[in-house]
Amino acid sequence: MKYVVGIDEAGRGPVLGPMVYGIAAYPEYIHYELKKLGADDSKKLTHQDREKIIIKLKSQPDFYCNTISISARDISEKMLNPNKISLNVLAFTAARDLLIEFSQKFEISHAYIDLISPASQYEQFIQQKLPDLQMTIQAKADAIYPITGAASIVAKLTRDDQIQKQWGSGYPGDEKTITWLRNDQDMLYGFSENVRISWKTCDTLIQEKCKKCVFFGDESLKTQLVNNKYSVYI
């Protein structure tokens, strides 16, 4: 039996918490029936709606879903590493790993993936390991294809389970989030591991509040530390 697959993420932009990638799959010959079950862009739905829909989806005998969570700490360490790994590459890798794992068990007829620009780079990255995969990478795929909408619901609910209510939305524009960040901030060590210290928001807060370090001795080490913005988690 062939499956149609959807891929989407939750939490790409927030300064707090993980970025979660979700995959959903359903038999090709009935995959559009997911719309009747409520599968849609998770951003259009309330938390209660998402919880009700996921119960319906998981009750279908041939429905499959899975997630990969990339922690705030992992994101920061990789983006601030001297051999920087971009957020796009982290996202591409998570999507590809989910597809590889599923393809080892089932046959994929087509994958519908929510867009991360540039689409051509995303497609090439996946095809390095899955050269025969037929895919559509499209903006707002979660609102267009029910299978991608299902993936967005899976990802969103998984992220919601992993974040704390006092964080607010986790986005830099949320005053509740900024208040939490200021309370979490240590003058010497910066932030706890739930925070993406590679974000500009954190850099600004560090410059405002944290103690400046003065390096003595090895000038090459000093240059390396400053240029690569090495940070220590509490």
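Placement of Cβ uses the backbone N, Cα and C atoms for every residue, glycine included.
Model, not experiment: these values are computed from the prediction.
In TrEMBL, the divalent metal cation site is described by D8, E9, and among D74, D97, D114, D132 the residue recorded at this site is D114. Ranking the binding-site residues D8, E9, D114 by C-beta neighbours within 10 Å puts D8 at the top. Mean predicted confidence for the domain 'RNase H type-2' (2-211): the pLDDT average there is 94.
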